[in-house]
């Protein structure tokens with residue numbers, strides 16, 4: 001499913017938080033959105049999801065203009081996985097995953113209940129979370145909650161998956177599990193990430209935002225250079241090459257005053 | 001506390017429905033003149049043209065058909081309506097302290113009702129018509145004012161609506177107090193107080209009709225929104241990402257809840273705690289899915305208010321306590337218990 005971001009400019013009040021951002025992505029691409037806090041990563045995800053209207057430019061999802069199309073039509077094509085680990089949700093894992101199919105059968109007619117339930121169980125199984133289907137969200141660990149969130153996004157059967165800081169508050173194992181899971185889905189993924197080494201390991205492409213503009217766009221090995229890092233993040237870093245697969249490994253040396 | 005939904009989900013509403021039917025019949029037999037279930041049945045049968053048993057005496061008929069049955073039925077319907085409204089308000093705002101009166105509805109209704117009682121606004125019309133109409137209109141005025149202010153503040157979200165409702169609530173409460181200070185004299189204080197606290201003493205077949213029409217018209221629509229209310233539990237943007245136009249849905253639900261609450265308040269005043277406490281009790285029984293919570297809360301609210309009102313009219317016999325006092329006396333300890341058991345885990 002094709003995602004097109006065309007010259008998107010977004011204002012919050014009078015402040016321009018995104019200016020003229022353009023890129024497109026297709027199936028199998030895992031695009032990492034990088035950049036310091038306030039660079040516009042979350043705003044860009046919001047614009048892609050159609051939740052905020054650009055001042056100019058537009059996002060199209062499978063040909064539909066994201067901020068104008070009916071929400072349900074967008075939701076059938078695009079799923080958003082936000083940071084939900086801290087949220088209290090009075091539902092079980094299975095009940096939460098069942099909500100993923102809401103865009104496909106809105107009012108949940110009685111008849112398709114069994115089918116939704118089966119779909120949700122299949123989604124939980126596919127992320128290795130079948131064992132805690134009937135457990136309350138409140139009783140799950142951060143990593144388990146993230147698996148449930150991925151399963152909910154899968155139940156939505158999206159062509160495009162947006163992730164907002166998917167590894168926040170997770171321990172290392174859960175971080176690796178989550179990104180591994182996401183990278184094997186085969187859909188277009190756009191993920192706002194903080195961890196540059198995660199981006200280097202899993203993304204097929206990274207887009208670095210700086211003050212609302214695209215500072216760099218390309219494969220991690222080309223984009224994640226000491227120069228870009230010092231310009232965008234204000235840090236001095238040494239970029240090494242991983243001995244096994246040649247991906248860049250970033251070692252930070254300090255901040256530049 | 002972990003929410004442990006019990007397996008036999010279908011059994012909960014069935015059991016509650018049976019319990020409600022029994023409660024209604026038994027509550028009608030209780031009072032100054034003690035009656036038997038058989039006597040109650042004879043009266044009901046004779047009015048429904050089922051003329052099976054012996055013909056009831058005119059006194060029994062007057063007590064059952066003229067007084068107790070409409071009162072018990074009003075209690076059941078109002079309890080169902082308020083508990084339903086409470087579930088929806090807590091669902092939209094994701095706030096466990098939300099209740100049906102959150103948008104200033106009860107204060108608006110009180111101002112309308114007290115104005116009729118004290119200022120004689122309804123003197124031209126029968127007060128039995130003017131009072132509920134004024135209360136309903138007062139509730140809707142409060143809603144429109146709260147949503148209008150929320151809109152001016154930026155957008156109608158649960159947060160802005162609740163804050164605006166709080167402001168409206170204070171304003172209407174002050175206006176109500178002003179009306180009372182200026183115009184109340186002698187016995188009218190008691191009447192006003194009983195209305196402000198909520199009382200089913202004024203129930204009749206017309207209050208049954210008002211409450212029934214509101215519930216039958218609005219409950220099924222709210223029930224259709226159950227999956228969308230579930231999605232709101234994930235957060236507003238998650239709900240939007242699931243295809244739900246959040247802002248529009250808020251407005252639809254606020255208006256439906258206001259109409260339902262306004263109708264209930266117009267029959268019996270602002271009875272508190274039913275809409276606040278029942279949803280919590282029911283959730284502990286059914287889990288959090290709204291398609292299970294809504295019917296169970298409606299039935300549970302009905303049972304609760306039937307018994308609260310039975311206590312209100314009998315415990316200090318021959319005097320009556322406003323039912324709002326009873327719901328608070330029972331509701332507060334139950335609420336504390338629910339909070340204590342759920343700790344901070346179910347909600348935060």
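The backbone N, Cα and C atoms fix where each Cβ goes, and this holds for glycine too.
Per TrEMBL, the feature transmembrane segment maps to B:12-37 (among others).
According to TrEMBL, the transmembrane segment annotation covers B:72-89 (among others). The list of residues near the transmembrane segment (B:72-89) in space but at least 6 beyond its ends in sequence, with Cβ under 8 angstroms from a Cβ of it, reads 20, 23-24, 27-28, 98-100, 102, 200, 203, 207-208, 211-212, 214-215, 218-219, 222, 225, 229, 253, 256-257, 260-261, 263-264, 267-268, 271, 274-276, 278-279, 282, 290, 293-294, 297-306, 308-310, 323.
Per TrEMBL, transmembrane segment is recorded for B:101-121 (among others).
According to TrEMBL, the transmembrane segment annotation covers B:127-149 (among others).
For B:161-184 (among others), the entry in TrEMBL reads transmembrane segment.
What TrEMBL lists as transmembrane segment is B:204-222 (among others).
Long-range contacts of the transmembrane segment (B:250-273) within the same chain: residues 74, 77-78, 81-82, 84-85, 88-89, 92, 99-101, 103, 105-106, 109-110, 113, 131-133, 135-136, 139-140, 143, 147, 156-158, 161, 194-200, 202-203, 207, 210-211, 213-215, 218-219, 221-222, 225, 229, 305, 322-324, 327-328, 330-332, 335, each at least 6 residues beyond the stretch ends and with a Cβ under 8 Å from a Cβ of the stretch. The transmembrane segment annotation in TrEMBL covers B:250-273 (among others).
Annotation source TrEMBL lists transmembrane segment at B:293-312 (among others).
With a cut-off of 8 Å between Cβ atoms, the residues of this chain six or more beyond the transmembrane segment (B:321-340) that come close are 75, 96, 193-194, 197-200, 268-274, 276-277, 280-281, 284, 304-305, 308-309, 311-313, 315. Summarising the annotation, TrEMBL assigns transmembrane segment to B:321-340 (among others).
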Looking at the transmembrane segment (B:161-184) and the transmembrane segment (B:101-121), are there 3+ C-beta pairs under 8 A, with each pair at least 6 apart in sequence? yes
Please indicate, using numbers and ranges, the residues of the same chain that are 6 or more beyond the transmembrane segment (B:204-222) and have a C-beta under 8 Å from a C-beta there. 70, 73-74, 77-78, 80-81, 84, 88, 128, 132, 253, 256-257, 259-260, 263-264, 266-268, 294, 298
